[in-house]
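As recorded in TrEMBL, the features of this protein are as follows:
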TRANSMEM  24-45  transmembrane segment
DOMAIN    39-285  domain 'G-protein coupled receptors family 1 profile'
TRANSMEM  57-80  transmembrane segment
TRANSMEM  100-118  transmembrane segment
TRANSMEM  138-156  transmembrane segment
TRANSMEM  201-223  transmembrane segment
TRANSMEM  235-257  transmembrane segment
TRANSMEM  269-287  transmembrane segment
Amino acid sequence: MEQNNTVTEFILLGLTQDPTKKKMVFVIFFIFYVGTVVGNLLIIVTIKSSRTLGSPMYFFLFHLSLADSCFSTTTAPRLIVDSLFAQRTISYNECMTQVFAIHFFGPVEVLVLIFMAIDRYVAICKPLHYPTIMRQQVCTILVVLAWIVAFIHSTTEIMLALKLPFCGPNLINHYCCDLQPLLKLACMDTYMINLEWVSNSGSICTGSFVFLMISYIVILHSLRNHSAEGRRKALSTCISHIIVVVLFFGPCIFIYARPPTTFPMDKMMSVFYTIGTPFLNPFIYTLRNAEVKNAMRKLCHITTTSESRR
């Protein structure tokens, strides 16, 4: 991969150069990352071990938590470790690997969120057909499709990155490798590559967000015909999903659906998109979901009981 480049490594400038602030970055994002991994792992174990969480919604939530953990892992550990050192270098190959990982696990999350919206639409608007449409076989095919499509997307993105020749500056004004900061270092006209990038990642983010918001508007509109109890339960679930969609796609659209212009808030938007949202998702889905909370209590009770018997 390095044969057409004179640059063999990059220097990540990170979120700050101030020594005191770097210590704060270490503490804050260490807590965020541990919380992300523990929270999502708890959801994964709970859904896997609970007989009451066997519906398609929890099947998709299982894969969303898995994607969240992996997505956060692509950037958070390096950000945490780099905050301890003055010189933060990343090799060319590691940089390209990070680009691939970001654009692999991100789209998996996008597609799973879309499938969760479809699941809620069928459950609320087509309840009689729900068992037939959202059967286990269909859900499994959808999830496998999500991972395949994400792999195709990330392969497309990494091919764009590998086209970039680097023959001069190697300072990346970011905490991770992504196409946008790399385009600024390439010693070539990047107009066409940027156009391909925006039409690819930008259209996925924007199109998915529009589709999801229309879906939830239709779902909320259809709740008029439901009972008060049915509306309350459906609203609780849908509001959780809408919060996650807005938190995830807001920064995503800001980063990927615009020309390569640098804004002061770019890095913080990326932090929220790659680290913040995966950290918040477990809290959003568990605090507003009685079934998940009850299943977690049972899991904790079983674990405590088995430990006490030993």
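Every residue gets a Cβ built from N, Cα and C, even glycine.
Averaged over the domain 'G-protein coupled receptors family 1 profile' (39-285), the predicted model has a pLDDT of 89. Through the fold, the transmembrane segment (100-118) approaches residues 57, 60-61, 63-64, 67-68, 70-71, 74-75, 139, 142-143, 145-147, 149-151, 153-155, 157-158, 176, 178, 201, 204-205, 208, 211-212, 215-216, 219, 241, 244-245, 248, 252, 274 of its own chain, all at least 6 residues removed from its boundaries and within a Cβ separation under 8 Å.
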